[in-house]
Amino acid sequence: MSLYAPIAAIATAPGRGGIGVVRISGPDLAELAQRLFGRPLTPRHAHYLPFRAADGEVIDEGLAIYFRAPHSYTGEDVLELQGHGGPAVLRRILARCLQAGHDLGLRPAEPGEFTRRAFLNERLDLAQAEAVADLIDASSEAAARGAMTSLSGEFSQRVNDLSDRIIHLRMLVEATLDFPEEEIDFLEKYQARPTLQALTHDLDTLIAQARQGVILREGLHVVLAGKPNVGKSSLLNALAGDDIAIVTPIAGTTRDKVVQEIHIDGVPLHIVDTAGLRDTDDAVESIGIERTWKEIERADLILHLQDVTQPPDHLDAQIVRRLPARTPVLNVFNKVDLLDAAFQGQPDSLAISARGGIGLDALRQRLLQLAGWNPGAESPWLARERHLHALQQAAQHLEIATEHAREDDRVLDLFAEELRLAHEALTGITGKFTSDDLLGEIFSSFCIGK
């Protein structure tokens, strides 16, 4: 598969729509445009033309726009045909393009190949390319704004600034090592240690913001757990604002998980209603309970729901003992509307009524708090787990470098090496030094046509 052969794909989502787009990218597409339309196209102008089959039959009418390299999304020549959004029409237009460009090497594009070419042609860095996919996948306005901030290059600029400062600091270390006869301590002369402290501080700030970006992009896996009939399904419905789960007075109604995505202040939360936890001889219910524990094991946050009208028993104690210690647990006492007196709850617990709506706003805010979301923070860009991991790796190397900076000149070579490793971790975010395997993994997750 040649990276330089022209490629084509339907760029709009599958299904019917008012407009559909066929996108082509590659070298010298002026020749292909001449074959398709029998005339040259003026770059960056919209031409209203018939789209014809090889025998002259009119398939559709629409706009043809030619972008000459390097002034295009991919950095190559790009030809976009905008017609009506019917699947059959778009398939015929694409087939005609592939037929007309067969001897030019035109082939169907692979997922993400247009954006990969934009990256390889330095129209986007890797973090910006990922932001394209995140913008398409954004499930809330906050996530869309964050993706657009990343696409604009703000996150990349912050990373590049840190990288440049690390390079400058490394130059001072190398100069001290390479010119010992000068008897000049470049680290002292150019205040390298305060520079390293400032670098570490700014990197820590960036890590905190990246955590916000990861939460905004990926959300949290929140599991509702507890005995049967404590109101888990009612709480899911209340948070979702819809009747998602079946609610009955019969214990054991929920036998398999029910997942619903909700948004609180733009943050996506994947709420999982599960089978009630109890001892049972019912084979089907037992399978549901086993699945509940699997969901609990992979949860980011557990809401342990309890019925405030019922005293705790041995089963409650068993559940508490089995909950994973590494996962935050919020004890939620439901059905407070059925109490005659005010409820005296435990510290760090919440009292609610899922059906009556009591305490739900407080619960939503507690969920954000436990997620680590800071609503007063600077409007974040979206980040991925790999970005956060790379930033944390860079911070670890700077921490080790700081230790070496406190020693004598005999460890300056180690100081320089830790700075090199920190720089390498950061440049992996923007793709300056990134393996082909990682690139393949990232771009394969894109939709075809993007």
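Each residue, glycine too, has its Cβ placed from N, Cα and C.
What Swiss-Prot says about this protein:
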- ARG23, GLU80, ARG123, LYS450: (6S)-5-formyl-5,6,7,8-tetrahydrofolate binding site (BINDING)
- 229-234, 248-254, 273-276, 353-355: GTP binding site (BINDING)
- ASN229, THR248, ILE250, THR253: K(+) binding site (BINDING)
- SER233, THR254: Mg(2+) binding site (BINDING)
- 219-372: domain 'TrmE-type G' (DOMAIN)
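Feature annotations (Swiss-Prot) mapped to structure.
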residue	record	Cβ contacts under 8 Å, 6 or more apart
GLU80	(6S)-5-formyl-5,6,7,8-tetrahydrofolate binding site	ALA11, VAL21, VAL22, ARG23, ILE24, LEU63, ALA64, ILE65, PHE67
ARG123	(6S)-5-formyl-5,6,7,8-tetrahydrofolate binding site	PRO70, TYR73, THR74, GLY75
ALA354	GTP binding site	GLY231, SER234, LEU235, ASN237, ALA238, ASN334, LYS335, LEU360
*Whose Cβ, among the binding-site residues ARG23, ASN229, LYS232, SER233, ALA275, has more other Cβ atoms within 10 Å than any of the rest?*
LYS232
*Looking only at the domain 'TrmE-type G' (219-372), report the model's average pLDDT.*
84
